[in-house]
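Quick look at what Swiss-Prot lists:
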TRANSMEM  1-21  transmembrane segment
TRANSMEM  27-47  transmembrane segment
TRANSMEM  57-77  transmembrane segment
TRANSMEM  80-100  transmembrane segment
TRANSMEM  108-128  transmembrane segment
TRANSMEM  163-183  transmembrane segment
TRANSMEM  215-235  transmembrane segment
TRANSMEM  249-269  transmembrane segment
TRANSMEM  277-297  transmembrane segment
TRANSMEM  315-335  transmembrane segment
TRANSMEM  338-358  transmembrane segment
TRANSMEM  378-398  transmembrane segment
Amino acid sequence: MLPVASLLILVPLIFAVVTFFTKTKQLAAGFGFLGSLATLGLTLYAYLNFDSSTAAMQFYESVSWIPFLGVNYSVGIDGVSMPLILLNAIVIPFMILFTWKEEMESPNRFYGLILTMQAAVIGVFVALDFVVFYIFWELTLVPLFFIVNLWGGANRAHASYKFFIYTHVASLVMLLGIFGLFYTALNQTGVPTFDIRELIAQFQFFEPGLMKDGIFLAILFGFLAKLPAFPFHSWLPDAYSEAPTAGSILFILLKIGGYGLFRISLPMLPNTGSPQLMIMILGLLGSVSILYGALLALRQKDLKRMIAYSSLSHMGYVILGSAGLVTLSVSGAMFQQFSHGLIMSIMFMSAGAIQTAAGTRIINELGGLAKKMPMLTVAMMVGFMASLGLPGLTGFIAEFLVLTFTFTNLPVFVVIALLAIVVTAGYHLWAMQRAMFGVYNEKLGDVRDINSIQVFSMAVIALLVLYFGLNPSPVLDMMINNSEAIVSLAAGMGV
């Protein structure tokens with residue numbers, strides 16, 4: 001069998017290197033698109049050969065790297081990582097197509113950084129060794145920093161440095177937790193290892209106390225800051241709104257915070273000194289993120305900042321469902337990651353298209369754009385309706401599972417989250433009505449609809465939002481067995 005996990009990292013990296021040396025926009029975009037298509041092909045091969053009936057690791061590879069430290073190049077794919085790899089592989093080719101006709105400086109660097117970002121994110125998803133995991137984790141910072149800093153809006157320098165410093169500091173805290181995990185396990189066993197699954201298994205034998213809980217919280221902090229969750233979200237609105245359209249979508253596809261929560265934090269949680277307290281902390285952060293993000297989204301005048309705060313609100317469901325520690329609540333949290341990536345891609349494409357066509361994304365300066373941009377309006381409607389949780393679309397499936405199956409264990413936090421539903425509907429409908437319907441603002445001049453390539457790109461993603469909303473099983477089935485394994489571990493520890 002092909003070394004799929006390694007190829008999923010290597011292929012976009014190879015195309016990234018080639019793209020960096022191209023001389024024209026068409027060649028840069030072309031090689032970028034070909035690289036993303038090759039990655040999609042490999043992903044579909046992995047998906048079609050993936051066994052959804054088991055929680056076991058598949059496409060496993062392991063090679064000794066630094067033997068005296070117990071570091072191995074170990075990679076694999078399971079039901080936690082496969083949906084997120086699929087999400088990235090699907091969206092990025094259409095994101096590149098969407099930007100095909102955009103004028104930009106240094107397109108070779110732009111598309112090369114996109115492919116580098118894709119390789120780094122997939123590297124995080126397949127890594128089974130903490131050293132490999134952390135290398136790819138940190139690598140994701142570099143392309144995002146430069147994409148915002150070089151091709152972003154007027155405040156791009158502030159936004160890019162704020163994002164880099166904030167998330168890098170959080171990553172260093174996480175690294176301290178990883179080292180604490182490694183050294184404590186080494187003292188107990190005498191055998192060095194950075195294997196993620198082995199260290200999580202060893203964690204249960206650590207002496208209860210401040211050190212043990214400190215290790216857990218340090219690692220968790222790194223994930224929550226990257227997700228992000230309230231109150232670690234201050235980098236998000238500036239970074240999302242100042243990034244170019246492709247950069248905003250790459251931020252949305254950066255699901256490594258939620259992934260780390262499922263892969264590492266939840267399996268460790270039952271073995272902390274105070275698991276019930278940790279669950280309450282997660283439940284509180286999740287529910288507050290949902291409501292707080294929705295309230296801030298309602299206040300925004302800038303369409304892109306509204307979408308950014310909406311993203312914060314939606315990520316709250318990932319945390320809340322995780323805290324529910326029921327198979328279907330955790331599965332709903334995982335599905336929310338997948339759904340959110342599709343939905344927010346449409347929404348940021350919509351905001352980018354409006355800014356390009358109308359010269360502004362201030363909601364009160366728009367109006368009646370549906371008359372001039374009917375194709376965009378249809379795609380945007382799908383994204384906005386899915387984001388507010390309309391039945392039949394992916395957003396409904398995820399939020400329904402999280403709220404329904406978390407209620408038994410954490411009813412108060414679910415009630416807090418339910419308060420946000422009305423607010424969420426309000427800001428989505430208000431923004432659509434003000435921007436796309438009503439009287440056309442003649443000051444906008446002769447606004448043109450999105451081009452045929454952009455229509456195609458948005459239509460494919462919108463159809464996937466509809467398809468997986470009506471038939472979530474092709475993705476959800478992969479998640480359920482792994483969710484059940486996490487929940488069974490918690491039940492075995494009496495949580």
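Each Cβ is built from the backbone N, Cα and C atoms, and glycine gets one as well.
With a cut-off of 8 Å between Cβ atoms, the residues of this chain six or more beyond the transmembrane segment (338-358) that come close are 83-84, 86-88, 90-91, 94-95, 98, 102, 240, 244-245, 248-249, 252-253, 255, 303-304, 307, 310-311, 314-315, 318, 365-366, 369, 372-373, 376, 379-380, 382-384, 386-387, 393-395, 397-398, 435, 444, 447-450, 454, 457-458, 461-462, 464-465, 468, 475.
Here the transmembrane segment (27-47) has Cβ contacts under 8 Å with residues 2, 4, 7-8, 11-12, 14-16, 18-19, 59, 77, 82, 85-86, 89-90, 92-93, 96-97, 99-100, 107-108, 110-112, 114-115, 118, 122 of the same chain, all six or more residues outside its ends.
Beyond its flanks by at least six residues, the transmembrane segment (215-235) meets 159, 162-163, 166-167, 170-171, 173-178, 180-181, 184, 203, 206, 254, 256-258, 260-261, 264-265, 268-269, 272, 278, 285-286, 288-289, 292-293, 312, 315-316, 318-319 of its own chain at Cβ-Cβ distances under 8 Å. Counting residues 6+ beyond its ends, the transmembrane segment (108-128) has Cβ neighbours under 8 Å at 5, 8-13, 15-17, 19-23, 27-29, 31-32, 35-36, 39, 57, 60, 62, 74-77, 81, 84-85, 88, 92, 95-96, 135-137, 139-140, 142-144, 146-147, 150-151, 195-197, 246, 250, 253-256, 259-260 in the same chain.
For the transmembrane segment (1-21), the list of distant contacts is 28, 31-32, 34-36, 38-39, 42-43, 45-46, 49, 59-61, 75-77, 85, 108-109, 111-116, 118-119, 122-123, 126, 136: same-chain residues at least six beyond its ends, Cβ to Cβ under 8 Å.
Residues of the same chain lying 6 or more positions beyond the ends of the transmembrane segment (315-335) and with a Cβ under 8 Å from any Cβ of it are 80, 83, 224, 227-230, 258, 261-262, 265-266, 279-280, 282-283, 285-291, 293, 394, 397-402, 404-406, 408-410, 413-414, 417, 472, 475-476, 479-480, 482-484, 486-487, 490, 495.
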